[in-house]
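Following: one structure in structure tokens, then a few remarks.
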Amino acid sequence: MNIGGYGQRPMQVPQSPSSLAAPQQFQTSPPAAMGHPPISPPGQQLPSLGSPPPMTTIGSVTAPPMGMPGPPGPGVHQPPLGPQGYPQQPGSPMSGPYGAQMAGPQSGAFPGGFPGGPAQMAGPPQKKLDPDSIPSTTQVIEDDQAKRGGQVYVTNIRGQVPPLVTTDFTVQDQGNASPRFMRCTTYSFPSTADLAKQCKVPLAAIIKPFATVPKNETPLYIVNHGETGPIRCNRCKAYMCPYMQFIDGGRRYQCGFCSCVNEVPVQYFQHLDHMGRRMDLYERPELSLGSYEFIATLDYCKNNKPPNPPAYIFMIDVSYNNIKSGLVKLICEELKTLLDRLPKEEGTETSAIKVGFVTYNKILHFYNVKSALAQPQMMVVSDVAEMFVPLLDGFLVNFQESRAVINNLLEQIPDMFADTNESETVFSPVIQAGVEALKAAECSGKLFIFQSSIPTAEAPGKLKNRDDLKLVGTEKEKTLFQPQRGVYEQLTKDCVAQGCCVDLFLFPNQFVDIATMGDVPSHTSGSIYKYSNFQVEVNGQQFLSDLRRDVEKSIGFDAIMRVRTGTGFRATDFFGAIYMNNTTDVEMAAVDCDKAVTVEFKHDDTLSEESGAVMQCALLYTTIGGQRRLRIHNLSLNCSSQLSELYKSCETDALINFFAKSVLVLVILLLQLRHLISLILPDAMKVFPVYMNSLLKTPTLVGSTELSTDDRAFHRLLVNAMGVEETQVLLYPRLIPLHTMDVSSEAIPAPVRCSEERLSESGIFLLENGLCVFLWLGQACPPDLIQNLFNVPSLGHLSSEGPTSLPVLDNAHSRKIHSIISSISQRRATSMKLLIVKQKDRSEMLFRQHLVEDKGLHGGASYMDFLCYVHHEKSVQCLLN
């Protein structure tokens, strides 16, 4: 298949990603010459470096460029200096056409100091702008889907801007990593450090090394070089990739990263063709693809020994709250069937992962479930100050071999603790027990911890309730979100060293100090789930869906990631659910298909516009089958001395992911971003302001006593591990009208702008942001539609607080809406609880806080007011006159 006119021979899809040690059947179309300017497909002209970006229309007037950037302003990493909020237009009420008056924005300060509030920044009354004439996120998404949706995106062009994360497309790897693995804030780096400071665009890549590859795309090839291992540059240690240039008849190659000339090993030698390319170029993934894997040699293993398969340890809090709520019984019942679906290597019949079980309250109970036993055996450790594992043989077992004993245990656990009155729990000793068990078994693994309360029992890691809402809005507010380290800091180091990932399922009824309890999971690449005031009938299915996905998803263990770059720039900062013991190695106890690492780059020297900028992500990890591998992702970008070219190559969704993560660490201020937002708005960035405004209204950044400390800390930890797709929908939720949908169509209705103005009293709307999904019912919703969805005659027959579930009924409308919800849920990293809200009911406030184009319920400007503010006095007057 000839894609874009590039390459003369057809792409042959390989049969399987099996080892390539034997003669390989791998074929692809030739990739572009990575060290040279990109080749344009016929009919496609590369943009001129000097062409100005399109201007953005605001209101009925086209905004002139605000002038090219002036002298460099404060960098994006300066300490906070300015206000948190934004102005409202005086006389503009906080109430909309639906529901009661909205809470006004709050004055206050976020950690680091956000003095003042929105009211202090209010300007003179402004002429009303037409909301339809300001840049629309939904229109940008719709246009990209229409232009690039359903197409094959070929990665053979350097610096190519990929389709949006919201667009459905297929990737064909021809020399650069798929955007599913790597996205950048801009695909044209500024050629000098001075230009980078002037443009104010952060240079960053968002890397999701284990991203899920769709079934219609080729999985990663596995390359086996035998005992010699992967070919690497002698100087910079970069791995063999398409950017290496072979010279001297194929006997040497020049590194595409550091330009060092290396000898080609005898066993790797191949002649060159008349164009200077190796004859086996299209038979070797590492020479022609952007992403692939190497089988690692013993040199890459701890103590030069092959690793053992990992283990999953299920650690269940059996204190009073969890027994009373029915949670313990629910977990035990689910595990009986879930353990049959443990992840396994492709081509194997059963999983190599071993399993173990611990229950705990103030003390820990370990279980011997060896297959030879007729009944499981409990061993108790009451001295939690000096934690140890009381048994080795029989604790971590193969589920298939010990199925009968394990099922027996899962039947007994709820009954064993049915009469408990113990309400105190420990936490740190639980993690320590898991680490010790993995150490004893000489393997990596994951702990699944199910905890309901703050650990108050006398033990290492005991926590006090330090929640104090009086600190909100003061300089000391930041202390609420700083973890109580102590024993937990050492515990994190122990976990990472052992390759022990911690997944925490929380079921709190009150404050549990998520900032501290989530610290170990967030530094071991674990996941955190929270189900407040848990009830089996209300939250049970959401929890089970999360647990199933968490157990079954693709994952690697004991990982180390290094990002190498070409000369002239380097990786300087890393954000994510990671641990760093030095400035270059990103350590992850585990890495799964949902976790992303955001990497920021800085200049060392001038970049060449001819050769561009190249980067390589190398991830060393252990597979679920116990094999050590290297996963490689390569990406090449353009370099330019023209600001217009840089802005035109920006990706808004990647930019906002960077700001969402870096703001959590450094609390970047509006004043530092205003320069970037108000300069010029090319098509690539015209909706950047709406995302930026939404970010500044998130729970993490809004100082309001109406938001719990735990909720804000939880949100912060979630965002820190998110990829581009997750932050995009979080900061601009999808608002989908359902009352006008075609029930015979398989397509999901087109979303509308995320604003209260788009709602209609006679309508039904679905809103989803990747974490939760709302079904909003208008007051005048047609009775026949209510009948079809809820099997009641009218809206008035539904409970005043709204129904708690959406029944599955045998009619076209019901089937269509359930299909839409199911389709959306399959794309999200966590299970989204469905909340049904009626217009003007109290529960509607939860829904309305996600209408991000409107004024924030807890503070923050509307999209319109934000635009007025960032363009400021003269700019606004220019637009409105």
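Note: Cβ is positioned from N, Cα and C throughout, glycine not excepted.
Going by TrEMBL, these are the annotated features:
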- 13-30: compositional bias 'Polar residues' (COMPBIAS)
- 75-109: compositional bias 'Low complexity' (COMPBIAS)
- 117-126: compositional bias 'Low complexity' (COMPBIAS)
- 230-268: domain 'Zinc finger Sec23/Sec24-type' (DOMAIN)
- 307-551: domain 'Sec23/Sec24 trunk' (DOMAIN)
- 556-640: domain 'Sec23/Sec24 beta-sandwich' (DOMAIN)
- 678-727: domain 'Sec23/Sec24 helical' (DOMAIN)
- 749-820: domain 'Gelsolin-like' (DOMAIN)
- 1-147: region 'Disordered' (REGION)
The domain 'Zinc finger Sec23/Sec24-type' (230-268) and the domain 'Sec23/Sec24 helical' (678-727) contact flag, 3+ Cβ pairs under 8 angstroms: no
PLDDT averaged over the residues of the domain 'Gelsolin-like' (749-820): 91
DSSP-assigned states of the domain 'Gelsolin-like' (749-820) in counts, ordered helix, strand, coil: 23 helix, 12 strand, 37 coil
The domain 'Zinc finger Sec23/Sec24-type' (230-268) - residue tally per DSSP class, helix then strand then coil: 6 helix, 11 strand, 22 coil
